[in-house]
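What TrEMBL annotates here:
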- A:23-92: domain 'Cyclic nucleotide-binding' (DOMAIN)
- A:154-234: domain 'HTH crp-type' (DOMAIN)
Number of protein chains: 2
Amino acid sequence: MDQSHANSTVNFCQSCAIRNRAICADLDEQEIGVLNKLGRRRRIQAGEQLLWEGDEALLVANVIEGVLKLSTQTSDGREQILGLAYPSDFLGRPFGETAPYGVEALTDAYVCVFERRDFDRFTREHPRLEHKLLERTLAELDKTRRWMLLLGRLNAEQKLATFLLEIADRLSEKTCAAIHLGPSEHITLPLSRQQIADVLGLTIETVSRQLTKLKNDSLIDLPARREVVILDAAGLSHRAN
Amino acid sequence: MDQSHANSTVNFCQSCAIRNRAICADLDEQEIGVLNKLGRRRRIQAGEQLLWEGDEALLVANVIEGVLKLSTQTSDGREQILGLAYPSDFLGRPFGETAPYGVEALTDAYVCVFERRDFDRFTREHPRLEHKLLERTLAELDKTRRWMLLLGRLNAEQKLATFLLEIADRLSEKTCAAIHLGPSEHITLPLSRQQIADVLGLTIETVSRQLTKLKNDSLIDLPARREVVILDAAGLSHRAN
DNA sequence: CGTGCATTTGAGTGGGTTCAATAAATGTGG
DNA sequence: CCACATTTATTGAACCCACTCAAATGCACG
């Protein structure tokens, strides 16, 4: 379970599931060796919090396994989920004083964590890593901006359709080595209805109603609470607009 | 007016209004000299487009003067403004194939543009610049994510109040060398009602109604179409929640 | 099998949109 | 410089989508 005691002797990176997809991908053997000593692996249970919004930004991390949410809260206590983090995604705020959002595991997860100060220093000394991090951040910014269109301009049906297609796509690529068969048609949601609502800027009731509507229209099936089968991806895509 | 003919002989950067605030701030004299040769200054009229969404990403730029909007469109033609760019802000998508959003000048503007390929190469060769760009991008991502909370969870009044406070703050720091007297109370909007609506994910009518409401409540005054006077910043802040 | 929580479903309300008309500001040409 | 056209903003009325509140159902746990 907890393998952190072996940090200094074993190089976990070499057998890491996301070795070729995370920001460490471009590093050479020697660099990976140094980075491996800085980081430690940590298991997080579903529901457990990794970072707290507003807290001092002490950690950064790579997601190895599982799904986590980034979120912030309104002054009246409602939540807005800012994004989901899947395997190979980077978490945390390098070169920052405070964590701009909270991070909580939605499923049991496995992450590779670094003290932010160690990571910052290593990054500044290794331009290849810094470049990779920059490319990631730029891509993340693009994705976040596209999501603004969803929040600002789409109606509930469009939001749900977009969400289902997106998560089906992301979940299908989660198994790293496995063959990629396109977006999976059968997905196990890592989120509750409330959390879906918090992603899309809706209420739990609206999410529920829209899902049953999509089901009645035979675009999806809902065999269980957390299960969704996409029956008609083209139709969904059309509803997403 | 057009000074680009003098590019190779004169170093504009040395007298640049945003020299100490833009990403070039950390470069030394020699580096600035090289960068100066790569870039050219360009005047843009209000309403003129600098980048088109989906086009090949050929340019990046620094804003020297004026305000520009970044925007994207829904399939049915409505617009969502993704952000505003003020002096010293960076524009464009380095290391990317296509422009993820359109850029249009809201006021007459003055920008320092680079061919993206030149800029990419220079950046990779100068880690200090790359680091500055990374910090910018991280900060921009934080800001964009905070804006998601506004789009997803705030009502029309809260959106307007937040918007007014934010723009008052940004516009007050636009004059670089001048003394900073806190957020200005009198602002000249660089946006039309329609554009404000596109920023906040509302309609033009709702924007108009909320503004008159804030005026009737003596939180602001509207001496002219494009003029706003903030009478009670604390009250506004309270409405922003 | 019963308790507790998540989800669904129903009914009613309301905030923001839509459509329509008016008013104010801006531009244009004589 | 003014009359007229055009654009932009405001205001009004009706509607509708998503929210709120409430109840019922379903599922997971002991």
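Along the chain as shown, residues are numbered 1 onward.
Any Cβ shown, glycine's included, is placed from N, Cα and C.
Keep in mind that TrEMBL annotations are predicted by a computer and have not been checked by a curator.
Since the structure is predicted, the reported quantities are computational estimates derived from the model, not experimental observations.
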Helix, strand and coil counts within the domain 'Cyclic nucleotide-binding' (A:23-92) (DSSP): 14 helix, 32 strand, 24 coil
Averaged over the domain 'Cyclic nucleotide-binding' (A:23-92), the pLDDT of the predicted model comes to 94
Within the domain 'HTH crp-type' (A:154-234), count helix residues (DSSP H, G, I), strand residues (E, B) and coil residues, in that order. 40 helix, 12 strand, 29 coil
